[in-house]
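Engineer: Below is one structure. I have some questions about it.
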Amino acid sequence: MIDQIYRKTVLTVAGNKSVEALMRSRGWSLAQRFVAGEQASDVIGAVQELQKDGIGGILDLLGEFVDSVETANAFAEQILALMDQAAAAGIKPYVSVKLSGIGQGMTVDGQDLGLTNARRLLTKAAQYGGFLALDMEDHPRVDVTLAQFRTLVEEFGHAVVGTVLQSYLYRTEADLQALGDLRPNLRIVKGAYLEPPSVAMPDKADVDASYRKLVYANLKAGHYTNVATHDESIIDDVKMFVLSHGIPRSQFEFQLLYGVRRDLQKKLAAEGYTVRAYIPYGRDWYAYFSRRIAERPGNALFVLRGLLKG
Ligand code: FDA
(Lines of atoms letter the chains of each structure in order from A; the text may use other names.)
(Lines give C-alpha, C1' and ligand atoms only; values in the text may rest on other atoms or scores of the structure.)
Protein backbone atom coordinates (compact mmCIF):
# COMPACT_ATOMS: atom_id res chain seq x y z
CA MET A 1 0.00 0.00 0.00
CA ILE A 2 2.86 2.39 0.87
CA ASP A 3 4.46 1.56 -2.49
CA GLN A 4 1.19 2.49 -4.16
CA ILE A 5 0.98 5.82 -2.31
CA TYR A 6 4.60 6.61 -3.20
CA ARG A 7 4.04 5.77 -6.86
CA LYS A 8 0.83 7.81 -6.98
CA THR A 9 2.52 10.83 -5.37
CA VAL A 10 5.49 10.76 -7.75
CA LEU A 11 3.43 10.30 -10.89
CA THR A 12 0.97 13.01 -9.82
CA VAL A 13 3.81 15.47 -9.08
CA ALA A 14 5.49 14.50 -12.37
CA GLY A 15 2.28 15.41 -14.21
CA ASN A 16 2.47 18.98 -12.87
CA LYS A 17 3.40 21.34 -15.73
CA SER A 18 5.90 23.40 -13.67
CA VAL A 19 7.66 20.27 -12.43
CA GLU A 20 7.80 18.97 -15.98
CA ALA A 21 9.27 22.27 -17.25
CA LEU A 22 11.92 22.23 -14.50
CA MET A 23 12.83 18.60 -15.18
CA ARG A 24 12.94 19.05 -18.93
CA SER A 25 15.33 21.97 -18.59
CA ARG A 26 17.56 20.55 -15.85
CA GLY A 27 16.94 16.82 -15.63
CA TRP A 28 18.55 15.44 -18.80
CA SER A 29 21.90 14.67 -17.14
CA LEU A 30 19.99 12.71 -14.47
CA ALA A 31 17.79 10.92 -16.99
CA GLN A 32 20.91 9.63 -18.72
CA ARG A 33 21.24 7.02 -16.00
CA PHE A 34 18.21 5.31 -17.58
CA VAL A 35 18.29 6.62 -21.17
CA ALA A 36 21.15 5.80 -23.56
CA GLY A 37 21.13 9.14 -25.39
CA GLU A 38 19.15 11.05 -27.98
CA GLN A 39 20.35 9.43 -31.21
CA ALA A 40 20.09 5.95 -32.76
CA SER A 41 23.89 5.78 -32.71
CA ASP A 42 23.77 6.19 -28.89
CA VAL A 43 21.51 3.18 -28.40
CA ILE A 44 23.56 1.10 -30.84
CA GLY A 45 26.71 2.02 -28.91
CA ALA A 46 24.99 1.01 -25.66
CA VAL A 47 24.08 -2.41 -27.11
CA GLN A 48 27.66 -2.94 -28.23
CA GLU A 49 28.91 -2.14 -24.70
CA LEU A 50 26.42 -4.57 -23.13
CA GLN A 51 27.30 -7.28 -25.63
CA LYS A 52 30.84 -7.31 -24.19
CA ASP A 53 29.27 -8.74 -21.02
CA GLY A 54 27.07 -11.18 -22.93
CA ILE A 55 23.93 -9.03 -22.53
CA GLY A 56 21.62 -8.31 -25.45
CA GLY A 57 19.67 -5.10 -26.03
CA ILE A 58 16.01 -4.19 -26.56
CA LEU A 59 15.88 -0.98 -28.58
CA ASP A 60 13.23 1.52 -27.55
CA LEU A 61 12.71 4.87 -29.22
CA LEU A 62 10.99 6.98 -26.57
CA GLY A 63 7.59 8.38 -27.46
CA GLU A 64 3.99 7.67 -26.53
CA PHE A 65 0.44 9.04 -26.80
CA VAL A 66 1.11 10.71 -30.14
CA ASP A 67 -1.88 12.72 -31.42
CA SER A 68 -1.30 13.33 -35.12
CA VAL A 69 -1.01 11.00 -38.09
CA GLU A 70 2.12 12.80 -39.29
CA THR A 71 3.89 12.41 -35.95
CA ALA A 72 2.91 8.74 -35.67
CA ASN A 73 4.19 8.01 -39.18
CA ALA A 74 7.40 9.98 -38.58
CA PHE A 75 7.92 7.98 -35.39
CA ALA A 76 7.49 4.68 -37.27
CA GLU A 77 9.94 5.92 -39.92
CA GLN A 78 12.54 6.60 -37.23
CA ILE A 79 12.17 3.06 -35.88
CA LEU A 80 12.52 1.62 -39.39
CA ALA A 81 15.73 3.64 -39.83
CA LEU A 82 16.94 2.45 -36.43
CA MET A 83 16.48 -1.16 -37.54
CA ASP A 84 18.53 -0.49 -40.68
CA GLN A 85 21.28 1.12 -38.62
CA ALA A 86 21.32 -1.71 -36.09
CA ALA A 87 21.49 -4.33 -38.85
CA ALA A 88 24.32 -2.40 -40.53
CA ALA A 89 26.19 -2.53 -37.19
CA GLY A 90 25.72 -6.32 -37.08
CA ILE A 91 22.91 -6.26 -34.49
CA LYS A 92 19.70 -8.21 -35.10
CA PRO A 93 17.14 -5.56 -34.17
CA TYR A 94 15.06 -6.51 -31.13
CA VAL A 95 12.73 -3.52 -30.85
CA SER A 96 10.08 -2.57 -28.32
CA VAL A 97 7.31 -0.17 -29.30
CA LYS A 98 4.36 1.52 -27.65
CA LEU A 99 1.51 1.27 -30.12
CA SER A 100 0.20 4.65 -28.93
CA GLY A 101 3.40 6.15 -30.35
CA ILE A 102 2.79 4.82 -33.87
CA GLY A 103 -0.88 5.72 -34.20
CA GLN A 104 -3.02 3.28 -32.22
CA GLY A 105 -6.53 4.71 -32.03
CA MET A 106 -6.22 6.79 -35.25
CA THR A 107 -8.03 5.52 -38.31
CA VAL A 108 -6.44 5.95 -41.74
CA ASP A 109 -7.96 4.28 -44.84
CA GLY A 110 -10.33 2.35 -42.56
CA GLN A 111 -7.45 0.77 -40.59
CA ASP A 112 -6.00 1.48 -37.18
CA LEU A 113 -2.76 3.35 -37.89
CA GLY A 114 -0.95 1.66 -34.98
CA LEU A 115 -1.65 -1.72 -36.56
CA THR A 116 -0.62 -0.55 -40.04
CA ASN A 117 2.66 0.84 -38.72
CA ALA A 118 3.28 -2.26 -36.60
CA ARG A 119 2.98 -4.32 -39.80
CA ARG A 120 5.64 -2.14 -41.43
CA LEU A 121 7.95 -2.57 -38.44
CA LEU A 122 7.38 -6.31 -38.37
CA THR A 123 8.08 -6.72 -42.06
CA LYS A 124 11.48 -5.09 -41.52
CA ALA A 125 12.20 -6.92 -38.25
CA ALA A 126 11.48 -10.26 -39.96
CA GLN A 127 13.75 -9.33 -42.86
CA TYR A 128 16.66 -8.85 -40.43
CA GLY A 129 15.89 -11.88 -38.21
CA GLY A 130 14.85 -9.45 -35.47
CA PHE A 131 11.89 -9.19 -33.11
CA LEU A 132 9.17 -6.67 -32.24
CA ALA A 133 7.70 -6.47 -28.73
CA LEU A 134 4.50 -4.51 -28.18
CA ASP A 135 4.88 -2.75 -24.82
CA MET A 136 1.81 -2.64 -22.61
CA GLU A 137 0.55 0.78 -21.61
CA ASP A 138 -2.22 1.98 -19.30
CA HIS A 139 -5.31 -0.19 -18.77
CA PRO A 140 -7.70 1.39 -21.32
CA ARG A 141 -5.28 0.24 -24.06
CA VAL A 142 -5.01 -3.40 -22.99
CA ASP A 143 -7.97 -4.77 -24.98
CA VAL A 144 -6.94 -3.14 -28.24
CA THR A 145 -3.26 -4.01 -27.79
CA LEU A 146 -4.05 -7.69 -27.16
CA ALA A 147 -6.43 -7.78 -30.14
CA GLN A 148 -3.74 -6.23 -32.38
CA PHE A 149 -1.15 -8.64 -30.99
CA ARG A 150 -3.44 -11.54 -31.99
CA THR A 151 -3.78 -10.16 -35.52
CA LEU A 152 -0.02 -9.70 -35.86
CA VAL A 153 0.84 -13.17 -34.57
CA GLU A 154 -1.64 -14.65 -37.03
CA GLU A 155 -0.02 -12.72 -39.87
CA PHE A 156 3.70 -12.91 -38.93
CA GLY A 157 4.00 -15.89 -36.57
CA HIS A 158 4.80 -16.04 -32.86
CA ALA A 159 8.60 -16.09 -33.34
CA VAL A 160 8.82 -12.49 -34.48
CA VAL A 161 6.29 -10.61 -32.34
CA GLY A 162 5.57 -10.59 -28.62
CA THR A 163 3.70 -8.52 -26.09
CA VAL A 164 3.62 -7.70 -22.40
CA LEU A 165 1.30 -8.68 -19.55
CA GLN A 166 1.19 -6.72 -16.27
CA SER A 167 0.79 -8.69 -13.05
CA TYR A 168 -0.87 -5.78 -11.18
CA LEU A 169 -4.04 -6.01 -13.29
CA TYR A 170 -6.80 -8.29 -12.01
CA ARG A 171 -7.66 -9.28 -15.57
CA THR A 172 -4.21 -10.59 -16.55
CA GLU A 173 -4.59 -14.23 -15.54
CA ALA A 174 -7.61 -14.51 -17.84
CA ASP A 175 -5.73 -12.68 -20.61
CA LEU A 176 -2.86 -15.15 -20.37
CA GLN A 177 -5.25 -18.06 -20.75
CA ALA A 178 -7.08 -16.45 -23.65
CA LEU A 179 -3.80 -15.99 -25.56
CA GLY A 180 -2.79 -19.64 -25.12
CA ASP A 181 -3.71 -20.80 -28.64
CA LEU A 182 -1.17 -18.34 -30.10
CA ARG A 183 1.82 -19.94 -28.30
CA PRO A 184 2.66 -16.36 -27.35
CA ASN A 185 6.05 -14.88 -26.61
CA LEU A 186 5.22 -12.87 -23.48
CA ARG A 187 7.13 -10.42 -21.34
CA ILE A 188 5.77 -10.50 -17.82
CA VAL A 189 6.14 -7.25 -15.83
CA LYS A 190 4.61 -5.96 -12.62
CA GLY A 191 3.21 -2.81 -14.28
CA ALA A 192 4.40 0.80 -14.21
CA TYR A 193 1.31 3.01 -14.67
CA LEU A 194 -0.88 4.83 -12.20
CA GLU A 195 -3.98 2.63 -12.16
CA PRO A 196 -7.13 2.77 -10.01
CA PRO A 197 -7.71 0.03 -7.40
CA SER A 198 -10.76 -1.10 -9.38
CA VAL A 199 -8.44 -2.54 -12.05
CA ALA A 200 -5.04 -3.00 -10.37
CA MET A 201 -4.00 -4.64 -7.12
CA PRO A 202 -2.99 -2.00 -4.58
CA ASP A 203 -0.80 -4.31 -2.46
CA LYS A 204 2.72 -5.13 -3.60
CA ALA A 205 2.54 -8.62 -2.06
CA ASP A 206 -0.43 -9.45 -4.31
CA VAL A 207 1.32 -8.05 -7.38
CA ASP A 208 4.40 -10.17 -6.61
CA ALA A 209 2.32 -13.32 -6.06
CA SER A 210 0.45 -12.70 -9.29
CA TYR A 211 3.79 -12.18 -11.07
CA ARG A 212 5.10 -15.58 -10.04
CA LYS A 213 1.81 -17.24 -10.99
CA LEU A 214 1.84 -15.75 -14.50
CA VAL A 215 5.48 -16.61 -15.19
CA TYR A 216 5.01 -20.19 -13.99
CA ALA A 217 1.81 -20.62 -16.02
CA ASN A 218 3.42 -19.36 -19.24
CA LEU A 219 6.50 -21.52 -18.71
CA LYS A 220 4.45 -24.63 -17.90
CA ALA A 221 2.40 -24.06 -21.05
CA GLY A 222 5.67 -24.32 -23.01
CA HIS A 223 5.60 -20.71 -24.22
CA TYR A 224 8.61 -18.42 -24.46
CA THR A 225 8.73 -16.22 -21.38
CA ASN A 226 10.56 -12.96 -20.83
CA VAL A 227 10.97 -12.60 -17.08
CA ALA A 228 11.22 -8.81 -16.87
CA THR A 229 11.99 -7.79 -13.31
CA HIS A 230 14.81 -6.67 -11.02
CA ASP A 231 13.25 -8.50 -8.09
CA GLU A 232 15.98 -10.92 -7.06
CA SER A 233 13.76 -13.14 -4.95
CA ILE A 234 11.49 -13.68 -7.97
CA ILE A 235 14.49 -14.29 -10.22
CA ASP A 236 15.83 -16.89 -7.76
CA ASP A 237 12.41 -18.57 -7.58
CA VAL A 238 12.17 -18.72 -11.37
CA LYS A 239 15.60 -20.34 -11.54
CA MET A 240 14.42 -23.01 -9.09
CA PHE A 241 11.09 -23.44 -10.89
CA VAL A 242 12.67 -24.11 -14.27
CA LEU A 243 15.12 -26.58 -12.74
CA SER A 244 12.42 -28.53 -10.92
CA HIS A 245 10.12 -28.59 -13.96
CA GLY A 246 12.78 -29.46 -16.53
CA ILE A 247 12.19 -26.26 -18.51
CA PRO A 248 15.12 -25.56 -20.84
CA ARG A 249 17.00 -22.26 -20.77
CA SER A 250 16.07 -21.81 -24.41
CA GLN A 251 12.45 -21.20 -23.35
CA PHE A 252 12.96 -18.07 -21.26
CA GLU A 253 15.17 -15.08 -20.66
CA PHE A 254 15.66 -12.40 -18.05
CA GLN A 255 15.03 -8.81 -19.06
CA LEU A 256 16.02 -5.74 -17.03
CA LEU A 257 16.03 -2.01 -17.62
CA TYR A 258 19.12 -0.15 -18.81
CA GLY A 259 20.74 1.53 -15.83
CA VAL A 260 19.03 -0.66 -13.24
CA ARG A 261 20.89 -3.46 -11.41
CA ARG A 262 23.72 -3.70 -13.92
CA ASP A 263 25.48 -5.99 -11.41
CA LEU A 264 22.59 -8.43 -11.57
CA GLN A 265 22.47 -8.27 -15.36
CA LYS A 266 26.14 -9.24 -15.55
CA LYS A 267 25.77 -11.96 -12.94
CA LEU A 268 22.86 -13.62 -14.75
CA ALA A 269 24.69 -13.48 -18.08
CA ALA A 270 27.82 -14.96 -16.47
CA GLU A 271 25.65 -17.80 -15.14
CA GLY A 272 24.72 -18.61 -18.72
CA TYR A 273 21.16 -17.25 -18.84
CA THR A 274 19.93 -15.23 -21.77
CA VAL A 275 19.75 -11.62 -20.55
CA ARG A 276 18.52 -8.54 -22.36
CA ALA A 277 18.48 -4.94 -21.22
CA TYR A 278 15.69 -2.62 -22.34
CA ILE A 279 17.47 0.48 -23.66
CA PRO A 280 15.45 3.62 -24.30
CA TYR A 281 16.78 6.53 -26.29
CA GLY A 282 15.39 9.70 -27.83
CA ARG A 283 14.28 13.19 -26.91
CA ASP A 284 10.93 12.25 -25.38
CA TRP A 285 12.39 10.90 -22.15
CA TYR A 286 10.29 12.64 -19.49
CA ALA A 287 7.37 10.17 -19.05
CA TYR A 288 9.71 7.18 -19.06
CA PHE A 289 12.03 8.82 -16.53
CA SER A 290 9.08 9.68 -14.25
CA ARG A 291 7.98 6.03 -14.15
CA ARG A 292 11.50 4.93 -13.17
CA ILE A 293 11.52 7.45 -10.30
CA ALA A 294 8.10 6.22 -9.20
CA GLU A 295 9.44 2.67 -8.90
CA ARG A 296 11.92 3.39 -6.16
CA PRO A 297 12.13 6.06 -3.42
CA GLY A 298 15.95 6.02 -3.75
CA ASN A 299 15.54 7.35 -7.29
CA ALA A 300 13.55 10.37 -6.08
CA LEU A 301 16.41 11.20 -3.69
CA PHE A 302 18.87 10.81 -6.57
CA VAL A 303 16.85 13.36 -8.59
CA LEU A 304 16.48 15.80 -5.68
CA ARG A 305 20.20 15.64 -4.90
CA GLY A 306 20.99 16.15 -8.60
CA LEU A 307 18.71 19.19 -8.88
CA LEU A 308 20.07 20.76 -5.69
CA LYS A 309 23.62 20.34 -6.96
CA GLY A 310 22.46 22.35 -9.97
P1 FDA B 1 10.02 -4.03 -7.87
O2 FDA B 1 9.44 -2.69 -8.22
O3 FDA B 1 9.41 -4.80 -6.77
O4 FDA B 1 11.55 -3.83 -7.59
C5 FDA B 1 12.40 -4.87 -7.14
C6 FDA B 1 13.77 -4.26 -6.87
O7 FDA B 1 14.35 -3.85 -8.11
C8 FDA B 1 13.75 -2.98 -6.05
O9 FDA B 1 13.82 -3.24 -4.68
C10 FDA B 1 14.97 -2.25 -6.55
O11 FDA B 1 16.11 -2.74 -5.92
C12 FDA B 1 15.03 -2.63 -8.00
N13 FDA B 1 14.38 -1.63 -8.86
C14 FDA B 1 13.18 -1.72 -9.45
N15 FDA B 1 12.92 -0.63 -10.20
C16 FDA B 1 14.00 0.16 -10.07
C17 FDA B 1 14.34 1.44 -10.60
N18 FDA B 1 13.54 2.13 -11.41
N19 FDA B 1 15.53 1.95 -10.25
C20 FDA B 1 16.38 1.29 -9.43
N21 FDA B 1 16.11 0.08 -8.90
C22 FDA B 1 14.93 -0.47 -9.21
N23 FDA B 1 5.88 -1.86 -17.40
C24 FDA B 1 4.73 -1.71 -18.09
O25 FDA B 1 3.71 -1.32 -17.51
N26 FDA B 1 4.69 -1.98 -19.44
C27 FDA B 1 5.78 -2.45 -20.11
O28 FDA B 1 5.69 -2.71 -21.32
C29 FDA B 1 7.00 -2.63 -19.39
N30 FDA B 1 8.12 -3.08 -20.01
C31 FDA B 1 9.23 -3.42 -19.24
C32 FDA B 1 10.33 -4.04 -19.83
C33 FDA B 1 11.39 -4.47 -19.04
C34 FDA B 1 12.55 -5.18 -19.69
C35 FDA B 1 11.36 -4.27 -17.62
C36 FDA B 1 12.46 -4.76 -16.73
C37 FDA B 1 10.29 -3.61 -17.05
C38 FDA B 1 9.24 -3.15 -17.84
N39 FDA B 1 8.15 -2.49 -17.27
C40 FDA B 1 7.01 -2.31 -18.01
C41 FDA B 1 8.27 -1.91 -15.89
C42 FDA B 1 7.70 -2.84 -14.83
O43 FDA B 1 6.30 -2.86 -14.92
C44 FDA B 1 8.11 -2.38 -13.43
O45 FDA B 1 7.59 -1.11 -13.19
C46 FDA B 1 9.61 -2.34 -13.17
O47 FDA B 1 10.26 -3.42 -13.77
C48 FDA B 1 9.91 -2.38 -11.65
O49 FDA B 1 9.41 -3.54 -11.09
P50 FDA B 1 10.29 -4.80 -10.65
O51 FDA B 1 9.69 -6.00 -11.29
O52 FDA B 1 11.71 -4.59 -10.94
O53 FDA B 1 10.00 -5.00 -9.12
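Placed from the backbone N, Cα and C atoms, the Cβ positions cover glycine too.
Because TrEMBL annotations are produced automatically, they should be read as predictions rather than curated entries.
Given the structure is predicted, the values throughout are model-derived calculations rather than measurements.
Per TrEMBL, the feature substrate binding site maps to K98, R291, R292. Here TrEMBL flags M136, Q166, K190, G191, A192, K204, T229, H230 as FAD binding site. The domain 'Proline dehydrogenase' feature in TrEMBL is assigned to 46-303.
Burial and contacts for the listed features, if you can.
Structural biologist: Around the Cβ of R292 (substrate binding site), the same chain contributes F34, L257, G259, V260, N299, each under 8 angstroms and 6 or more positions distant in sequence. DSSP assigns R292 (substrate binding site) to a helical segment in the three-state reduction.
Annotation note: K190 (FAD binding site) sits in a coil segment as assigned by DSSP. Every protein chain shown contributes to the tally, and the Cβ of K190 (FAD binding site) ends up with 19 other Cβ atoms within 10 Å.
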Engineer: May I ask which of the binding-site residues M136, Q166, G191, H230 is closest to R291 (substrate binding site) if we compare their C-alpha atoms?
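Structural biologist: In terms of Cα distance, R291 (substrate binding site) lies closest to G191.
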Engineer: A 10 Å Cβ contact count, applied to the binding-site residues M136, A192: which residue has the minimum?
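Structural biologist: Least crowded of the binding-site residues M136, A192, by Cβ count within 10 Å, is A192.
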Engineer: By Cβ count within 10 Å, point out the most packed of the binding-site residues listed: Q166, T229.
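Structural biologist: The most densely surrounded of these binding-site residues is Q166.
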Engineer: With DSSP assignments reduced to helix, strand and coil, which class does Q166 (FAD binding site) get?
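Structural biologist: In three-state terms, Q166 (FAD binding site) counts as strand.
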